[in-house]
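The block underneath contains the structure these notes are about, expressed in structure tokens.
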């Protein structure tokens, strides 16, 4: 536990809400954060209604979004919010002064180093044991935005079109952003406190009032016309997400103290509890830590939607989708039947960032490199590194099992149901086992937990990854490209025949 004066040290923002903090018995920095997010939600509605692109210029929208964001940051973090401007300013200077050929590497190095320096200072100088809102949280999102922007500029201005993937072509930036656009992208009020991160092209298209212009393909022109004729309202989606977020907050406040994670390493609990009961308690204690993330990320998504940001086209039934920058899918997380499915639906925008910046571009051992980058980005707590190093082994084992075992269970619906139930239980336990150090933070307690389990999942995953063969990633990519080429050539050959048959039917 932290010292009695730790909350005061940790919170450097406004003390205006100190009475609320005392009444609710919550740390002042957390109260400031929630109140600022609620103010951001109200501001988002105002921003969409009164500063709509049809009523004002992109310049005004950029200025207002940036100033509101900086105000909320100052309210929550005091003068520590200046780090947001310093980090952004340093990297913008690098973008201007260095060539587009190498700027993405320099920006990644400088932004990540500055973030790491702030995290190390906060952890080891100020409040090691505190796990509350802190000024490095927004810096993590800004780091994602800075590096994403740098890589997208590099793709758009330094690489040839034919060398880009389909996703990179959509996100590639063809001109250098202005200073105002850059700070608006990094520090706007919708995302400065809790994100989520987004692509620069998506943000600029939202500011300028044409949110689908760079994503619409030939087949999507109908939906584009529909959008321009009758812009969809996000109100119902915002209400749903706000209700979901506060339900998750209520669940977290109700159950977080019932199943403390620390009990997993209690000597009496380990000595006197049967192993099956330890497994069940591990699952319950880790599941009850998730609602606080559900609350923060769902509310952040609602704020962006309320401002009109996050529209992602229409479903097949014509209903609008507001999930462009959503950060999680709660049901997919809770019912995930593989490690990959869980990760694909948890902190989605961070997963996209890791994929675009590291996994797709790393020539050797991309999985390991991605987990290491993720650990460095998360912070200086040793438990983070134990979690992500364990995650490497679990991911490789899960991939091996999926490639080698899953095909045998797809022969009948009954077998698939059995497989899904088994893999759901295995996935949830593997996730909980992996994430314990992330919650405990320190090396000693984390290793104590793993010793109480005899490092069983580590050993089992290593054996599975070694025993079950999986083709290297570059060979899998070659096979996918070959099969896609065969399909396209077959479709091209069948095209004239189908056209002829269509003509015959017409005549």
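Cβ coordinates come from backbone N, Cα and C, glycine included.
Automated prediction, rather than curation, is the source of TrEMBL annotations.
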Handout entry: Stated TrEMBL location of transmembrane segment, expressed as one of 242-260, 261-279, 280-298
Key = 242-260
Exercise for the section: Scan 358-378, 421-441 against TrEMBL and say which stretch is down as transmembrane segment. Expected result: 421-441
Handout entry: transmembrane segment per TrEMBL - which of 327-344, 453-470, 471-488
Key = 453-470
Completion exercise
Matching 383-401, 402-420 to TrEMBL annotations, transmembrane segment lands on 383-401
Problem - Segment assigned the feature transmembrane segment in TrEMBL (from 106-125, 126-145) - result: 106-125
Handout entry: Long-range environment of the transmembrane segment (31-51) - Cβ separation under 8 angstroms, sequence gap at least 6
Key = 11, 13-14, 17, 20-21, 24, 60-61, 64-65, 68, 72, 75-76, 133, 189-190, 193-194, 234, 238, 242, 299-300, 302-308
Exercise for the section: Would you kindly check 106-125, 242-260, 453-470 and say which stretch has the most C-beta pairs under 8 angstroms to the transmembrane segment (383-401)? Expected result: 453-470
